[in-house]
Each structure stands twice: as C-alpha cells, then as structure tokens.
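Q: In case it helps, TrEMBL gives these features for our protein:
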- Arg30: active site (ACT_SITE)
- Asn48: active site (ACT_SITE)
- 15-105: domain 'Acylphosphatase-like' (DOMAIN)
Amino acid sequence: GAGGGAMAEGEGLVSVDYEVSGKVQGVFFRKYTQGEAKRLGLVGWVQNTSHGTVRGRVQGPAARVRELQEWLRTVGSPQSRITRAEFSNEKKIAAPEHEDFQILK
C-alpha cells in the first residue's frame, strides 16, 4: 500500500511483539536476539516465559524489524530449534519507546 506524502526521515518506525516457540530456552537465544537486534539498530526487549517460549518487543525502522522477524523465524541461536514465531500488536510509532535492546529476567 502506498501511503500519503509523509515527510518522515527514511521510513516509518514500527513496534512489534513476538513470541518464539521451540527449543529456545537454555540455548543463549536471548543473548543472540539481543546481539542481532543491536546489529540492526533496533530497540526493545526479550525474555523467557514460564511456558518455555521466548517473547519480547522490537521497535525500529520497518525494514530492519522485518529482518529481525525473519531471523527470529528461521535462524535464532546456533543450538536453538524454532518451531513457530508469532508476531502481534504491530503498529506505527513516532519514536522508539525503549533506550536500547535489553534482556529481561
């Protein structure tokens, strides 16, 4: 969809929540996710859940967020086995709501 003539620098920022299922705990998944997000210049957070998944939020330029989504779906950490990656609550944001990309306990 082509939008109107927005004068934003580059492209719009987006915020997306994610949850990754599979063998994703105890395999440095959060550390690698943080590293990949920082490499892409994204902010947000990642944490383990009590039911064995990893979830979080990522914010940044849409194209970069797409790259991380693809990474979460298909790559992950070397020891991980991803069975499913779900994304929700995607929305445009005016500015990032986080300082950096953190691993939450």
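We number each residue from 1, going along the chain as drawn.
Glycine residues also receive a Cβ, built from the backbone N, Cα and C atoms like all the rest.
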Q: To the nearest whole angstrom, state the Cα distance for the pair Arg30 (active site) and Asn48 (active site).
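A: Given the Cα positions, Arg30 (active site) is 8 Å from Asn48 (active site).
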Q: On a simple 10 Å Cβ count over all chains shown, which one of the active-site residues Arg30, Asn48 is most densely packed?
A: Arg30
